[in-house]
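Among the features that TrEMBL reports, domain 'Protein translocase subunit SecDF P1' is placed at A:68-126. Summarising the annotation, TrEMBL assigns domain 'SecDF P1 head subdomain' to A:128-224. Sequence annotations record features per position, and here TrEMBL assigns domain 'Protein export membrane protein SecD/SecF C-terminal' to A:226-390. The transmembrane segment annotation in TrEMBL covers A:247-265, A:270-290, A:296-320, A:341-363, A:369-388.
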C-alpha cells in the first residue's frame with residue numbers, strides 16, 4: 001500500500017516524461033509526432049504577409065459592396081495561383097479586406113502582385129487579344145429559364161459589342177479564351193455570331209461556379225482600386241531566426257525555473273517541476289487541438305505563463321512550510337496548505353484571466369495570440385497547480401517513505 | 001520583524017521619485033510612438049557586406065526621405081523608419097538601397113496607414129480602461145471596495161512607472177507595449193491579491209486589540225517569500241528572453257521586466273499601506289452583505 005503510492009508517483013513520472021519527450025522531441029518517420037509539428041506557426045515565425053486593403057472610390061469605379069466582393073474574388077484567384085497553403089482572406093467592416101499568406105519567399109513581391117488592378121482579356125485561338133475588360137460592362141450569373149442550367153451573361157459596352165460581333169462572326173466553331181492576369185479562366189466555344197452585344201457562357205456545374213466566374217469577370221471589367229492600409233511582411237530568414245531564438249531562450253528560462261524550484265523547495269520543488277513539464281505539454285496540446293496559430297508574441301505569452309504558472313505552486317509550498325513549522329503531520333500539512341492557498345490562487349488567477357480576456361477582445365490582431373496563450377495558460381496552470389501537484393504530494397506523503405522534514409524544509 | 005507599514009511614507013516617497021519625473025516627461029513630450037500608432041513604414045534589411053548609416057542616409061535623401069530614422073543593429077542589419085509613404089515609394093527605396101549600397105535581403109517590411117494607427121491607439125486606451133474597471137469590480141466583490149481602490153492605486157503606480165520610464169528614456173512603443181502594460185496589470189494585481197487574501201485571513205483570526213497596522217505588516221511578511229520567489233521565477237524567463245530572444249520583441253520584454261519589479265514593489269509597499277490609509281482617512285462605508293468570501 002505504501003509502496004503502491006510510490007509506484008503511482010513513479011508511473012506519473014514516467015508517463016509525464018514520456019508524453020513530454022515525444023511531444024517535443026522530433027522522432028523521425030512518425031508524422032504525428034512531435035506535437036509541435038501540429039501547431040501552426042504564425043506569419044512572423046515562418047515568413048509571410050499580413051495586409052489590410054481598403055477598396056477606395058476612384059473616378060471610374062466606386063467602392064460599393066459589389067466592388068469589395070469582386071476584389072475578394074480576384075484576390076482569392078490570385079492567391080490560389082501562388083500555390084500557398086491556408087491563405088486567409090476576410091472582409092473587415094464594409095470596405096476593408098484582410099489578407100494573410102504564410103510561407104512565401106518574397107512577401108513584398110506578393111503584396112505588389114495582389115494590389116495591381118485585374119487585367120481581363122479575350123484572346124482568339126491564335127493568341128491575339130481582341131477584347132479587354134474595358135470593353136465589358138457587366139457579367140452576371142443566372143439560371144436559364146428554359147434549360148434550368150446555370151450560365152453567365154455578359155454585357156458589352158457599345159464599342160465592345162461591335163468588336164465582339166465581328167470576332168464571333170469570323171471565329172464560329174472556334175474558342176475564345178478568357179484570361180485574367182494572363183491566366184486562363186475559361187475557354188468557351190463560339191457557337192454562332194453574336195451581333196447584339198449580349199453573350200452567354202454555359203456549361204457550369206452549379207450556380208455557385210457561375211457566380212465565381214461572373215465575379216472574376218466583373219473584377220476585370222470594373223477594376224477596383226485597392227489601397228494598402230497596413231502591411232506587415234516578415235522574411236523567412238527573420239521568421240526562422242525569431243523561432244529559434246525564442247525556443248532557445250525559453251528552454252534556458254524554463255531550466256532556470258526548474259532548478260530554482262528544486263533547490264529552494266526540495267522535494268515539493270521536484271514535484272512542481274514535474275507539474276510544470278506537464279503544464280507546458282498540456283498548453284501545447286490545447287493549442288494543437290484548437291488549431292491555434294502560434295505567433296512570436298504567442299510564444300512569449302506561453303513562456304511568460306510558465307513563470308506565472310509556478311506561482312500557484314509557490315503559494316502552496318509556502319503554506320505547506322508554515323503548516324509543517326506549526327508541528328502538523330505531513331499529511332495534514334499538505335491538506336491544510338492546499339485548502340488555505342486555494343482562495344488566494346483562485347482570486348489571483350481570475351483577475352489575470354479578466355485581463356487576458358479583455359486583451360483578447362480589444363487587442364489588435366498581432367497580440368491576440370499573446371492574450372490567447374496567456375488565458376489558456378492560466379486555466380491549465382490552475383489544473384496542474386491545484387490538482388496534479390496536490391495528487392503527487394498526497395501520494396508522496398501517504399507513502400510514508402519520504403516524510404523526513406528535511407526534504408520539505410530547510 | 002521590520003515594520004514596513006509604519007515606514008510607509010518613505011515607500012510612497014521612493015515611488016513618487018520615479019513616478020513624478022515620468023509624469024513630467026509624459027506631459028511635456030509624451031511617448032515615442034512607433035508606426036503602429038502614428039502610421040509610417042518600417043523596413044529592416046540585411047546587407048551582405050558591412051554598411052554605414054551615412055551610405056543608407058545618402059540613398060534615402062535621394063528619395064526625399066532625409067528625416068527617416070536609421071538604426072544599425074550589428075554591422076549588416078539596418079532598421080529604417082519613415083513617415084507614411086506609398087507602396088511605390090517603399091519599393092523604390094528598397095530597390096535603390098540594393099543598387100547603391102549593396103545586395104540585401106528584406107527581413108521585415110511594415111507599413112501602417114495613419115487611420116489604422118489612430119484606431120489602434122483608441123483600442124489600446126479602451127482595453128486599458130476596460131481591464132481596470134473589470135478588475136476593480138471583481139476585487140470589490142471578492143474583498144471590499146477600498147481594497148479595490150487600493151489595488152487600482154497600485155495598478156496606476158505600475159502603469160505610470162512603466163510608461164513613465166519608456167517616456168523618460170524615449171524608448172519606442174508599439175502595439176506590443178499595450179499587451180505588456182496589460183500583462184503587468186494582471187501580474188501586479190495577482191501579487192496584490194495574494195497579499196490582500198492573507199490580510200483578509202489574518203484580520204479574521206486577529207485579536208481585537210491588535211492594531212490593523214500590525215495585521216497588515218504581519219501579512220506582508222507572511223507572503224514575502226512568495227512575492228519574491230514568484231518574481232524571481234518570472235524574471236528568469238524574462239531575462240532569458242531579453243538576452244537571447246531576438247530583437248523583435250525586446251522593448252516588450254523590457255516593459256515586462258520594469259513592470260514585474262514595479263508590480264512586486266507596489267504589491268508589498270503600496271497596495272496594503274494605501275488600503276490602511278484609505279481605511280483610516282475615508283469615512284466608513286457600509287459594506288454590502290456577503291462582500292466577504
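Even glycines carry a Cβ here, placed using N, Cα and C.
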Six or more residues beyond either end and a Cβ under 8 Å away: which residues meet both conditions relative to the transmembrane segment (A:341-363)?
308, 311-312, 315-316, 318-319, 370-372, 374-375, 378-379, 381-382, 385-386
Going by DSSP, how much of the domain 'SecDF P1 head subdomain' (A:128-224) is helix, how much is strand and how much is coil, in residues?
31 helix, 34 strand, 32 coil
Spatial neighbours of the transmembrane segment (A:247-265) not adjacent in sequence (6+ beyond its ends, CB under 8 Å) are 272-273, 276, 280, 299, 302-303, 306-307, 310, 313-314, 317
Three-state composition of the domain 'Protein translocase subunit SecDF P1' (A:68-126), taking helix and strand from DSSP:
24 helix, 16 strand, 19 coil
